[in-house]
Structure formats: C-alpha cells, structure tokens
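Input: a single structure, listed below in structure tokens.
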Amino acid sequence: MKCFHYFKEKKLRRREERSAPELKEPRKSEDYSGAESDRFVKSSCSASVTSPRGIPELYEEKAHNLRVFSYSEMRQATNDFSRMLKIGEGGFGSVYKGSIKPAAGDGTSEATVVAIKKLNRDGLQGHKQWVAEVQFLGVLEHPNLVKLIGYCAVDGERGIQRLLVYEFMLNRSLEDHLFNRAFPPLPWKTRLHIILGAAEGLAYLHEGLEVQVIYRDFKASNVLLDENFRPKLSDFGLAREGPMVGHTHVSTAQYPADSKKFGLIMDPRLEKEYSINEARKIGRLADNCLSKSSKDRPKMSQVVERLKQIVQVSNEGDSFDKTFEEICEEDPVEAQTKQKQHEPSEAWKRRMAHLAKLGEHVEGASRRRLLIMQRAKVV
C-alpha cells in the first residue's frame, strides 16, 4: 500500500510541475530529471494504478487550438504597450486593448480587437499562474468563460515575458457597473441574467468536465461582460483541479466577515425598480449556499435550475408593484414574521398592565399623569 501512496504523491507532484511542450519552465526553475521520471514511471507498482486524465493531459490534446504570438507582435498590437491603451491593472500585471492581425489561413483580412494581459516579471510564481491559465483556458470551452486566443512566452536577457491574449469584453467587469458611479445602474432583469450566466459558468467547471475545476477566485472584478452583457468568468491563475473520489482538498483560509457590511444587500441605485419577491428568493438561495455543512449546500447545477425558475417568472411579467399582502399570500412564513413584528411585545404588555394596576390606587393629579404615560406608550 505504501508503494501506491508514494506513486500517487510523486505523480501529483510531476503533474503540477510539468506543462505542455510549448510551455516550458523558466531557466531558473527546478525540474525533475527526465531519466529519473522515466525510471519511476516504469516501476513495478505503476502498472497497477490508473488515474483519470488531468488538465495537463487534456491540454496536450487541444494545445494546437491556441495561437502562439511573438513578443514583437504583442508590442505592435498594443503600440508598444501604450498607457493610452491600458484598460486594467492589478497584482498580476496590466491589461491592454490591442489589435492583432489574422493568422495565416484564416481567410480574412480584418484585424481582431483583443485584450492582452502582461504579467509582472516576478519569477517562478508568476510563471506558474501563467501556465495554469493557459492550460485551463486551453481546455475549457463554455459561453460563460472568457475565451483565450493565444499566448506569448519569451525568456530573454532582461527576464521572462509572459502574455495572454483574450477576446475583448466591451462592457468591462461587473465590478465597474456595481461600484463605479460613472456607469449607469444595471436594470434588475439584466442583473438576473448576469447572475444566471455566472452560475452556469461555475456549474460547468464543477460538473461539466471529466475533471472537476475549482475556480478559487470568484469576485465581481473577474466577471466580465460582453457587448450583450453576457457574463464570462476570467482569470484562472488560481484555479486548481478538484479532488479525486474519496479525497478532500486544501481550501483557502476562512475568516469571520463583518456582519455590519451586510446590513444592506440591495443596490440603492435600483430604488424600487426590482421585484422584492425575486430578491427574497435569491437571498434565500445564497443563504443555502453558505450553509456550514457541505451536505446542506446545493450543487451549482441545482443553483442554476433554481435561478432559471426565478428568471422565467421575471420574464413572464413585472412584479415590481406587488403589495405586501400579495407577497404574504405567496409566502406565509414571511407573513408570520411581519405579523410578529407588528404585534406588541410581552415586555410592553407587562408594562401597560403594571401602569393600569397602579392607576387603581391613585387619584387626582397622579392619576392624570399615569393616564398620560399610558397614552404615550400606545402612541
């Protein structure tokens, strides 16, 4: 059994360190010896172990679909990385809007507008994230995932250069539309379709492939919007393969959130132009996804189906002007909660009974003062 355990551990290490033939490690990085790896794979215990294909194996089949660019092509596409063409910046590096010429044999003469991400030259760590993004996006194909067109890798005297070329997303990120006041507020129905599309992208990663993919970096800034406001998940530098059957995985550290930050979950810029009923259903669904026990949390495919039902109801007609009574008829639990909020509390009842009892034993001015106190409590 120890032989099998050692084989699995070694094979996982080799899978993480290696990349497809075109994606070589920087010269400063350490690689396993090829002869040593061959001898190990050919060991007696290797014949008894079969494992499903991982992302590196799947990438080797589809690597030919990605276009390999030269560094001079990247400079030309971005006007030598002009600041005027910079459309984003973060810890990973900078993103530029560019224009690339069609590849030979495409049968078109029109240039393609793209987004070019230039990673910071921070050595091995930056290269690993670049390799991860190339391999994952080279394999993944879904309408709600950003499309990787190609990449550029250069090891020069001035250091390594790692670039990625994506399809251009006209409407930037969801974060811009939610938190940047320069953008008009997104309509409620547009928000519903963005929520559904993002969930469909995650469901594909979790359940739509022969290998599970854990995204690990889901946030508004990584949800990009095309010209039709279709959401697409981007930035797969932190993505990892999911655990095998019967195994768990190491997750990111958890920390308690400040509950005061969640006092307001609806965008005030929407004013009253949204369905309270639909917002409540989505809120409950989000709460289910945050259940402490994993058994109580729904799968992403179940989340998608629930969101589809909400979107379908929204498309059938507006429900912005529903009265409280109508909502309570649909949701008896909510009606009961609201009713309890409007009922007098037990402490209030005891206080009023005590004042009434005192009033039985006083007369004149004192009695009038007690009556005034009772009326004030009622108001």
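The backbone N, Cα and C atoms fix where each Cβ goes, glycine too.
No curator has checked TrEMBL annotations; they are predicted automatically.
Look at TrEMBL and you will find 13-39 tagged as region 'Disordered'. For 81-379, the entry in TrEMBL reads domain 'Protein kinase'. According to TrEMBL, the ATP binding site annotation covers Lys118.
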**Neighbourhood of Lys118 (ATP binding site) by C-beta distance under 8 A, where only residues 6 or more apart in the same chain count** = Met74, Phe81, Gly93, Ser94, Val95, Tyr96, Gln161, Arg162, Leu163
**Prompt:** Does DSSP give the residue listed as 'ATP binding site' helix, strand or coil?
**Reply:** strand
